Structure formats: structure tokens, C-alpha cells
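Positions annotated as ATP binding site by TrEMBL: Lys154, Glu238, His273. According to TrEMBL, the domain 'ATP-grasp' annotation covers 158-355. Residues or ranges marked as domain 'Pyruvate carboxyltransferase' in TrEMBL: 566-835. Taken from TrEMBL, the feature Mn(2+) binding site covers Asp575, Lys744, His774, His776. Look at TrEMBL and you will find Arg647, Thr911 tagged as substrate binding site. TrEMBL lists Lys1147 with the feature N6-biotinyllysine.
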Amino acid sequence: MFIPRAQSAFKALRSAQPRVRLYFVSKNAYSSQVEYKPIRSVLVANRGEIAIRVFRACTELGIKSVAVYSEQDKMHMHRQKADESYLVGKGLPPVEAYLNIPEIIRVCKENDVDAVHPGYGFLSERSDFAQAVIDAGLRFIGPTPEVVQNMGDKVAARVAAIEAGVPIVPGTDGPVTTKDEALEFCKKHGLPVIFKAAYGGGGRGMRVVRKMEEVEENFQRASSEAKAAFGNGAMFIEKFIERPRHIEVQLLGDKAGNVVHLYERDCSVQRRHQKVVEIAPAPRLPLELRDKMTEAAVRLAKHVGYENAGTVEFLCDESGNFYFIEVNARLQVEHTVTEEITGIDLVQSQIRIAEGMTLPELGYTQENIKPRGYAIQCRVTTEDPANDFQPNTGRLEVFRSGEGMGIRLDSASAYAGAIISPYYDSLLVKVISHAGDLQSSAAKMNRALREFRIRGVKTNIPFLLNVLENQKFLHGVLDTYFIDEHPQLFKFRPTQNRAQKLLNYLGEVLVNGPQTPLATTLKPAEVSPHVPAVPLVTEPPCGLRDILVRQGPEAFAKEVRSRKNLMLMDTTFRDAHQSLLATRVRSHDLLKISPYVAHKFHNLYALENWGGATFDVALRFLHECPWERLEEMRKRIPNIPFQMLLRGANAVGYTSYPDNVVHKFCELAVQTGMDIFRVFDSLNYLPNLILGMEAAGKAGGVVEAAISYTGDVSDPKRTKYDLKYYTNLADELVKAGTHVLCIKDMAGLLKPEAARLLITAIRDKHPDIPIHIHTHDTSGAGVASMLACAQAGADVVDVAVDSMSGMTSQPSMGAVVASLQGTTLDTGVDLRDVSEYSAYWEQTRTLYAPFECTTTMRSGNADVYLNEIPGGQYTNLQFQAFSLGLGDFFEDVKKAYREANLLLGDIIKVTPSSKVVGDLAQFMVQNNLTADQVLERAEELSFPKSVVEYLQGLIGIPHGGFPEPLRSRVLKDMPRIEGRPGAELEPLDFDKLKQDLKESHANISDRDVMSAALYPQVTNEYLFFREKFGPVDKLDTRIFLTGPKVGEEFEVTLERGKTLSLKAMAMAADLKPNGDREVFFEMNGQLRTVHILDKEAVKEIHVHPKANKAVKSEVGAPMPGTVIDIRVAVGDKVEKGQPLVVLSAMKMEMVVQAPQAGVVKKLEIANGMKLEGDDLLMIVE
């Protein structure tokens, strides 16, 4: 008797003799004389991992391996693993190539092939293929054609099971080919029923139907899938057993009539009737039931004369009854777990049996086969579990597998750079674990799956991990409803994929240029700013925030007022860079210096670091979350109060919002780390101001109500905004409950004499309220004005660190500190600390050269007293003028600003009212209009939107009322708002908004919802950007703005202890056919590539348009695939959820539904068209 260790002898025989006939007579009663013919070469009529699995077995046996491949598989790994490979099915569709029996036989005959292994799927259960192989004088490694025919025919298999005394489930007597036959069976036997492909398995063409009205549609879809997968759409229908376990028994039979079982596998963890996780042996299966099932399987195999490997599948109900389902007359995908627990190589056994060896000669008697431990197989597929397991195709940008003791990997094209096509099954790699018990095996599998790093396509690994951690799974409590009844399996912790997303961003910048608009042609400096050292191991000294946190806003205000020295608020983190650098300073650079500020400037009144324009600019241009900025700054600066700019009823937006939006915003801001709310209104309109004060106060913040300053209280000729106007406003704000009173001089118009008059008047009326002064140094008189305020009784003034001060920014911190040293108003700030702080910003400022205000403004300018342009707007207005082609006319714009202000009624000018004036000024210059001409032609001119909305009353009512007759001429019959705009707005439904966002984006937080409430479109675009490019805020500023140089090495710290080492290697000169350009990087020493669409070059070639995810009317392909059915035409009206198109990919069909009701405006597809994911299908408006 031959046993496995005689393997080397067989290799010698094969090489020595082309045909050797040996005869063996076993002592076993079932044996008979069997002819032995060694096999020298095997062709595998299959692809992918099963082809490679057979090749490996052939190599171990000394047999030549031969592959066939389709045109679409010419780069596939299975072709390379074989000793020889040959193209089949040239010109045929991808699946049909592997179903071309004559070509496969031709390859065998032309290349001296001895035997054919069918693998699984494709032709593996086609009896005509098995017969064709034998008729060609070859050996078929599998059952005889007669057995394949009878076992593949589910009706014949049922008859055989009945004859063998194996229990069966009620079903049709023969294949069903029409929906009428299906309806008749369902009406006769009742529901539920299950449709199965009559000539194939693997879950293809399988549907469970529980409602009579769904029979026809499900039959058509199942039949169509079966025809595509197996070449025949005939269906088998049987009664559906509720809550069964799916147990299958592995068999081996030889030509002498011997049959053994290799125990069972539990395949109950299924999705869409396809096995996802398999376990051997079946856990918690009573031994008595196991013995009955294995005995029945062996009995059936002997009854039909089964030889080679096969599987008998059963359904087992909760009462211990079991029913025959079918015989798989081939090797199964999950054969691996049986190999692990028995130690028997099933593929080698198949080949040896085909050669003529008997089971006893192989040492496979039933008493010798014992299961050892537990094995689990997980099928890692390129499917997106968060999107109903839609197939995902593309290029594997990164592939790193999990390995180690007790782990086996069976794969094919699983390597970086491999292309996952839409033409075949989505299986990427089979992961098999083996250990002494189920829990240990699951732990090994869990560990291995967590080691995988797959980028470029989505996989089902997050879902598999949830299965492996489920307690019922770990204890073997399973049935086919396991997935359906555990919705928590679909709650995934999102994979961040940060590194690859950042590479995509860098590639995008290198190929298509900066992803944030640059205001000038200047480039960021190549510097790495020096960050002064602080003792990070020690806590920073206590500051005013400690009092605020412990005792509340009233005690905080009292403490501020009690101090005799002048306190400072540093605006470097917000208004300074808004004024000098177009608000473009990134969190990356703010956070670097934050620890130093916490340690050295703990005695500041506050740090202004949030709100105002920084909120939307962070989202719109910097592609970062303003909430995360605030949260991270609070972590690094726990001791200094933070102050933000709140535009009253406008929150941090440019329009009015429902009241609940303003209240919710303030609540979330306090929760994230904000302390002081400087509340102002762009028109000093009290109702808007008071709403903001109430929202900030109820949220628990310090209310610092601000009076926006304009005009000149020291000039008796300027009467609209006189001293009484400001003192009356102060009275109202104090009465409304402000904790601190602020004078917000946003244009730097507060001259020293005016400062003394104003502060003295307010201090005399309100001796106990802290007074805080904000100004801009546009004229150059800012320091003098702030000193005058301090001497008149102000408690706090705003300054910016020296290198970020002056011009349209705030007065110099160092100048104010030095001026008051040794006086009763001494700030207590060390000038040496200011110098180090300033040095950091002096270097950092050069990184933002593209936004540098000194490009167009070289020094301060006292003409601000004439044009009254706010400091924060001045440089933005310059950049806007340049972008509109008015750069040479900026002096004209400034003069027009003054005229526009007077036209609009000499209003308070601060965002958003300042934007109204600026828009009108640029409109006047662009159209060469004087103020008189604007007034004369007001009825015929098309004014900027902001001007019209201001005149309608959408931002409030200005002091002295709206200008007439301008208002009436512009608005004509347009609606007007009287009173506070937000009072008429319905409360925003935050829950609905969150649900709407979740339809387009994953992982939506309450912060995202709040951002969307304020800036819907900007937030939507930011969320898409974040999903595509990841945490770009972690990049150094120069790299973020203009990308790395080729050959440059740099680091990116994602979080503490996780730093990427990157190097930009090269960019391909040639385009891919789809318009992509390949960019090469080195990451942590490993080569990485990304493919970036060249947006300029692609204009010269035809590429199918992509759906814009931010536009709901554009319907995109949810997965790559082929269009097989278009159910609408241009002009059709459709309802939300109505089927539009049927796509087919990876042998699965998907119905694309209408995302909204509307009319089909345009079709971009035709039947048979092959599409990529997100390709535009149609537009439904």
C-alpha cells in the first residue's frame, strides 16, 4: 500500500516513464484492481487563487502546471505562477473566455497536457466539459461526467438522495425557466421559497422570496444572474427552511468505490446566500447528529458512484433535523479549513485519485482521519460593507498582509499595484486560522486581519472583525440568520487611511497645482520656524481662566476690573493674520507655538483665536475643521481664556440664522473650549446684539458686548455717531447684562483724543464694568490710541505680537509693553518673551508669502480716516481688486468705498456690512460709476446681491434708517424685512440636517452638523475633501500650499507616536489612457504610487464625466460595472427610489435608484457601456 511518504518515488516514476501501469489489490473489501497512470502535466481551467492553489500542489508532486487566461487577465498573478500559460477566448467577454470549452481542449492537445483540473465556478460543474476532456483523451480531475451531470442537476440529485434514504426539502421536480412556473409553484406550496440556479452554486442566482408580489422581479433577477454566471438561467425552487444551520460534509472517493468523509464545516455565516466565514468542525454540533449527517453523505456518495473530492450540503434545523440541499461535485472555496483540521491536502488527493490511487493506498481510511482543533476561513473581498457590500474595484495602492503562527493565506493578485477588475468575483484573499479551540482560532484570525493594510479599494475586513468579536460567533451559536439579526455587525469603526489620502493630496498638488487659491505669485519660504522651548513636562502657570472655570463669568469680570495694571489680549491667533495674511494661518503653525504661549503669557486677559472669518476660511480654503482647531488649542493652552468674535444674530456667518442655530453654536463652542464671546452687530442693531448676548450667556460663556466704532467723537462736525450715541449704546448693553464692555474700532479710526473722550465718558457712567478696546493700526496711531485708552480707564487693550502687528493689524505688543514698563499700568509681560514669540512669527509669516499684505501695502496709511475701510477688510479688498483685474485701480476702489458708504447712509462697517460697502465700491469702479450715477440709474442697474439684501433688511436696520430714495429705487416691489431678520425664521431641524448629511457622508459629528447649519455648501465641499484627502492640516505649510519638490524628504506627524517619513520621487511624463498621471513617493522606505487625473491634459482626450457628489441631481455609478438595463429616458418623471439603471459587476446585479424625485434631463450611458465607479449615469432635476 502506498502512503504519503512515497511521494519522492512517484516523482521519479513520472520523470522516468511517460506512462506506467501498476496494479494494486487492497485488502479492503471495497477495493478492486485499479489502473494507475501518472500525470505529468495539469491544466487548470480557472483563474485566481484556486488556480494558484492547484499549481502549488502540482509543483509539490513534480507535475508541470499549465494556466489559461483571458485578455482581461493578461497581467494576473495566476498566469505567472504556472509553468506555462496560454490565452483563451480572444475577443470574448471576460467570463465567457473561461467557458470556452473548445479552446481549452485545443490548448491541452497542443501542449501535451495530461489532465484538467476545473477548480470551482466556471466549468467545474459542467458535465459537458468533463465529457469533452475525457473524449479528448485527457483525464478530468473530478467526478465522472455522469456524476457531475446528476449531481449538478438539482432534480436528479434530489432523486438520488431519496433513493439513498437521505432527507430532502420539498421542491420542484425539474428546472424552472419561466416566471409563470415559479408563480404556480409558490401558489401551490406557499411562501417562503428560495430560488437557486439549476446549473451552478456559490450563491449566484439565489433569492429568498417572502411576498407573492416579489416573485416575478426576483425570479427575473435570479435567472439573469444565473445565466451570466453559468450560461443557463434555469432555476430550481424549493421550500425555504427558517433558521437553519448550513452544514456541509467533505468527501473523498476513489475509483475503487471507497468513500471517506473528512468531517463537516459550518457555513452558516452568509450574506446574500454566499458564505463569508466558514468553520471546521461545526461548533456545538451534537456528535450523534454529526455521525448521522456524515453517514448520510457517505451513503449518498456510494449510491451514485462518487469519486474524487466533493461536498454534500445540508440544512440543519433547531430540532436536530437535517435536509439534503445539494452535492457540489467539485472542490469548494472553503476546502482549506478541512485541510487544516485533518492535515490532508485535498488538491493533491484529487490528483492522486485521478492517477488511479485508492484511498487505502493514500492512507485515508475513516479510522485514520481525525479532526484536530478548529479552523476558520474568512473571505476577504473587495466589497464595501458600509454600502451594502457593493463591489469595489481599482488599483491596490497598498497591500500588507497579516501573517504569523496559525495563519494561512490563499490569494492571487494581492499585491501593491494589482488591478481589481469588475469582471470577476470580488475575492481578494482567503485567510485561514487554525488553533486548538474556536476562541483561540478566532483570536488568531482577528489579529491577522488587523495586520492587513489594504489601500486603493474598500474591503470587508471591518465587517469580518465585527463577526469575529461577536459573542455568539465566539461560542458557536450560529444559523443562516446570524448576519441579518446582528445589525451591530454593520457598525464600523472607520478606517482612517490617512497616509494614502495624504499621498493623494500631495499628488493632486504636484499634478494640478495648489488646492487653495493663492492670492499672489509669491512662493512660501523654505524655512522651518524655530519654536522656542518650554518645559512640556510641567503644567503652565495658572491664569485668569482658572478663576473663570472655578467661579464663573461674574467673578471673572470682577477680577478683571479689580486689577490696576493694563491687561492685554493677544490677537495674533486670529485678527492679526486675518488682517495681514488673508486669514490663511493654519492650525499647524498655531499649535506649534501654543505651549510657549501657555507658559510665557499666562497673565494675558485672553487669547483671541477663533470665530469671525477664521471659521469659514478654515473650511473653505485651509480644508481643516475649525472645531478641531479650537479643541487642540485648548489642550495646549489650558490656562489662558480664549475669546472669539460672534457676529450677534449672524453667529460666524454673513447672514441671519434661526435663533436656535445661534444658541446651539454657542453651546457647542463652550463645550469645545471657548470662554469669552465678543458679541457685535455689523450695524450696532440692538435686537441682533442682544440675541447673541443671550446665546453666549446661556451657554455659560463670558459675554463681552461690543460697540462697533465709526466716525470721530472728537470732531463736533460729525454728528451722526457722536459721544451720546455711544454712551447710550453702552447703557443698553450694560442693562442687557454684558459682563465686559468692548469698543470695537475695526478700521482704526479711534484717535488718541477721541479715545480719551469716549473711554472717560463710559467709565464715568459705568465704573464697575470692565472696558476692553479693540483697534487696528492702519494709520500708524494705534499704540498712541491704546495708551490713551489705558490712561482714561480701559482695563484691556488688543495687541498683536510685534512681527504680526502694525498696518491693518493691531498695535505692537512689544511697543505697548515697553511703553508702560515701570508705570502703574505695567502689563507684567516680559519683553524678552515677546521678542522670542515675535521671532517665531517673523519666520512663520514668510510661509504665507502668497497672502502677504505687504505685496500691495507697504506701510500704514492715514487715508483710512477718509475711507474708513476696516483693517480686516483692507487687504482682502486689495486681493479681490487684483483678482477682478482692478489692481491698478485700488486707489479708485478706496475712494469709491467712501462714496459707497455715504450712498448707503454712512453705516457702521464691519462684517457683513463692510462687505456690502466693499461690493458696491468694486461694482462702481468696475462699471465706471460715480455716486450720482448710481443713484440716478438705481432702477436699471444690477446691484451685487449683498447690497440688495442689505437694503431689504436681511442683516438688520442701520442707525438713522435706510437711505432713500436709493432703497426704493433698487428694491422696487421686492420684499422688505422690518425688525430683527432672524425672528421670522423657523427653527432649524438639526436632526434632519444630520440625516441629510449622512446620506452623502460617513462619520458625521454634531460639529459637522453645526458647520453645515452655518455654511451648507462650504461644509459639504469640505467633508468631501476630507474624505478624499484626509488630515491635510498635519502637513507643513509650504508642503500644503505648493507641494514638495521632487527628491525632497519630509515628515508628517499624524498623532503622537505616529510619524510618516515621506519623499517625493518622481512624476510620470506620460498620461494613462484615462487621463491619470502616476506620481511616485517613498513612504517609510517603501515605494508608493498614486494616480492623479491631470485636469488640464484630460481636456484633450475623451473621458467619461464623473458625478459630482456634492450635486444631488447628478446620479453616479455606485460601483464599476456594465450597463445591462436602462429603465428611463430623457424627459421621464421619476420618483425618489424609482429604479433607473441596472448594472452588472463581479457577477452581481445592482439596481440604481433615483436619489430624488424629478425629471431626467440628460442620459450619459447606453446599454452595454462599461463604467467606472462614480461615472455619471444621468442628471435628474
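For all residues, glycine too, the Cβ spot is worked out from N, Cα and C.
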Sparsest Cβ surroundings (other CB atoms within 10 Å) among the binding-site residues His273, Arg647: His273
How many neighbouring Cβ atoms, not counting its own, are there within 10 Å of the Cβ of Asp575 (Mn(2+) binding site)? 30
Measuring Cα to Cα, how many angstrom lie between Arg647 (substrate binding site) and Asp575 (Mn(2+) binding site)? 14
Within 10 Å of the Cβ of Lys744 (Mn(2+) binding site), how many other Cβ atoms are there? 24
Quick note, Thr911 (substrate binding site) and Lys744 (Mn(2+) binding site): C-alpha atoms separated, nearest Å, by 12
In the chain carrying His774 (Mn(2+) binding site), residues 6 or more apart in sequence that have Cβ under 8 angstroms from it: Thr571, Asp575, Arg678, Ala706, Cys742, Ile743, Lys744, Asp745, Met746, Val797, Asp798, Gln810
Among the binding-site residues Glu238, His776, Thr911, which residue has the largest number of other Cβ atoms within 10 Å of its own Cβ? His776
His273 (ATP binding site) and His776 (Mn(2+) binding site), compared by Cα position, are separated in whole Å by 70
Neighbouring CB atoms within 10 angstroms of the CB of Lys154 (ATP binding site), all protein chains considered, total 25
Around the ATP site formed by Lys154, Glu238, His273, list the extra residues of the same chain whose Cβ is within 8 Å of the site's Cβ centroid. Gly171, Ile194, Phe195, Lys196, Met206, Phe236, Ile237, Ile325, Glu326
Excluding Asp575, Lys744, His774, His776, please set out which residues of the same chain place their CB within 8 Å of the center of the CB atoms of the Mn(2+) site, keeping sequence order. Thr571, Asp745, Met746, Thr775, Asp798, Gln810, Gly871, Gly872
Please compute the mean pLDDT of the model over the domain 'ATP-grasp' (158-355). 92
Distance check, please: Cα of Lys154 (ATP binding site) against Cα of His776 (Mn(2+) binding site), rounded to an integer number of angstrom. 86
